[in-house]
Amino acid sequence: MMSTASSSERVASVPDSGKYLKRHLALRSVLISWEMYLIVIVAAFLRFYQLNTTEFDDDQGVIFHMARYAVTHGLIPATTNRASIGIINPPATIYLLMIPAAVSSDPLAGVFMTAFLMVVSVLLTYLFVRRYYGRVAATIAALSYATLFRAVVYSRFMWDQNFLPFFIVLFFMALFSGIIDRKKGWFLSALILLGILVQLHASTILLLVPLALAYIFAPGTIRKRDYLFGGLALFLLYFPYFANEVKIHFSDIIAYLHAPKKTVLDMEALQFYQAFLNPYKLLSEQYPLHWRVVPFIGQPSLLWQLSPYLSWSSILLELLIVISMVALLVLAFKPASRGTAGQESRTGLWGKALFYWNQLRGSPYRCALLVLLAWQIVPLLYLMRHSMQLYLHYIIFFMPGPFILLGIFIRQVIIWFEARSSRVLKHTVTYGLYTLILLIVLAQCIGTTAGVLDLDQGHYSDGAPVNNFYNDLRSLRNAVTAADQLALENHISRVYISADWPTQSALGFLSTQMHTPVTLFQDNGCAALPASNAGPAVLLMGPYPSFADTLVQRFTTATLVSKPARAGGSPFRLYIINTKAAPSASTNRLGQDLQWLGMAGGLVQYKQSSWQVSQWTLLRSAQPDYRTVYSYTLTQSIDGQNVKQECAFSALHAGDQILVPFQQKKAAQVSSKGAGLASTMDIQAASYQVQPYTFQVGPLKFLTFEDIDTPVRQLTTPAGKNALAIPTASLASPKKGK
């Protein structure tokens, strides 16, 4: 059998002069290894270069805002954001991000921590593989992992599963300390790390397979107190999460378990696995997975231009990893020696099996190989039969496993030829393999550098063709800063931001750092504008035409000041607006909240639909607060038909004008007698707030991702009625929008 001796074992052969001397020599041999510093430098450059171009969409805005709020208000996170499968994630990500959030309110601090931990994961990969498989295997594993494009991309922005590789390497270091080193205490460490990993992403529950194998392969290393302390640690880790689940009666988990599921058997998991290793597969828009992986890097990119010259390296890397898995699987199951064949033959079938099992357990390195292979093979087979939609980020928890196996395989091949071949053949194979790996790593490094430059220069699509927008922090921050500076320079006291669904959380968080009071509203419903006599205001609008554009064009005089650049797509638009004069305020009022101004003449047309727009004045003010949304539900009743419209704002300012559009159904536009709309209609309104859900257990107060609605407050007229009876708009001259 091929030797698996490492440099650490050679250190152990030094005449025994105490554990301190051995550790000192081992540490010194690592510290003088020049390749380790090169690997760290390369990994750091690829992960930190122009880090301000990091993705900053809804999830990123939510998790960092939660971390910052928990720090500043002394709350214990009980959850993080919602998972792609619909359940609420446990809070490990928020705990991690509370570290940078305690230092700075700048989300770049959280991104910096993510990138830093991923650089450390590269270093840990080197140290882990070097300890057990030698310097050559460690260099190959760490350098190929450090330069993998998708590993770099997921290191450059905040997200729950992006922290996985750091803890996964620590997890396998714990397993190996039990399997190979036979150290006690590894099981406790592994349990805690697995608990953290499952909180970061549920897919890591599949790491129970390597843990179970390690449990079997490391007899006599687990103490009774490991179970006790491990259970206690998991209880503490999950207490906030399960306390929240008890409060909500496990509603999200029950909903997920009872949701209709269709199980399919396909190769999609394998396709994603390949796409993670080979970035060139996803570049073509015709590739089935292209529009399911952000950022949407395609043909305009540097990576695309280099693909004819570099794609061979990724194909070869895939092939080598497959060969590595197969060869190491054979090596792990192959009996250690044949000298005991006669003994085996005398014991019968059961005896042979028992003999083989004892022989396997007596070979720690073979057991360790099986654990590594189980990490890669078992989850991949499991995911081929799935009832949920798969995503590329489900492959993160396989990293850096493929490269560890590759490094081990190359080292084993070299050792095998060193023991059995002539000097010429041995050197030919050794330096041939070194050259091949070097070429692959260089090609991979060039391609990844090009990909990072693509991210910096916006050589990708923001996802507009599939309505799945991708935004970067630099573009969002520049747009918000430009709006704030424009207001300050022109002595304008109000800023309004029209946000779409991917940017509402991100812009909501960034707007808290503005010097000018700001109101956010959604771009597909009601709009908030300054009063017509309040002077100019600054309006920041999204990159693509929306219903808000139609309302702004109709009801304001807007001057386009600039178009803040936005990587990967159309720019933002920055206006100075003056609201057009509205009808004089009437005595018609709903509660102490809304005063009716009038109904816009004619219908507003948008996307082949007709809308009636009512104009209101806000009568109350409310300051912006963490994840607080001030909402109104207005219902229009006409000809027996009810049309509802939800209005949501981040802040309220007395005197602001609110535009409330009601979509008109065809049956409501023309009466059965052809006389048009009824002369009057009723409008009802209710008010409520959406607030973050917090709860208390004894003296402990917990923060969650979930929202709660305050009790709905029905707004009534001064006469105590629930509805206003107001005239309808004329249909004679419809106003056309985009």
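Any Cβ shown, glycine's included, is placed from N, Cα and C.
Database features (TrEMBL):
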type	residues	note
TRANSMEM	25-49	transmembrane segment
DOMAIN	90-239	domain 'Glycosyltransferase RgtA/B/C/D-like'
TRANSMEM	108-129	transmembrane segment
TRANSMEM	136-157	transmembrane segment
TRANSMEM	163-180	transmembrane segment
TRANSMEM	187-215	transmembrane segment
TRANSMEM	312-333	transmembrane segment
TRANSMEM	367-384	transmembrane segment
TRANSMEM	390-410	transmembrane segment
TRANSMEM	431-453	transmembrane segment
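Within its own chain, the transmembrane segment (25-49) has Cβ neighbours under 8 Å at 7-8, 11, 14, 112, 115, 118-119, 122-123, 126-127, 130, 135, 139, 142-143, 146-147, 152, 155-156, 445, 448-449, 452, 456, counting only residues six or more beyond its boundaries. Within its own chain, the transmembrane segment (390-410) is flanked in space by residues 84, 121-122, 125, 128-129, 133, 136-142, 144-145, 148, 150-151, 154, 159, 161-162, 164-165, 168-169, 197, 201, 203-204, 206-207, 268-269, 272-273, 275-277, 289, 292-293, 317, 320-321, 323-325, 327-328, 369, 372-373, 375-376, 379-380, 383, 433, 437, which lie at least six positions past its ends and keep a Cβ under 8 Å from the stretch. When pLDDT is averaged over the domain 'Glycosyltransferase RgtA/B/C/D-like' (90-239), the result is 97.
Across the range of the domain 'Glycosyltransferase RgtA/B/C/D-like' (90-239), the DSSP-based residue counts are 123 helix, 0 strand, 27 coil.
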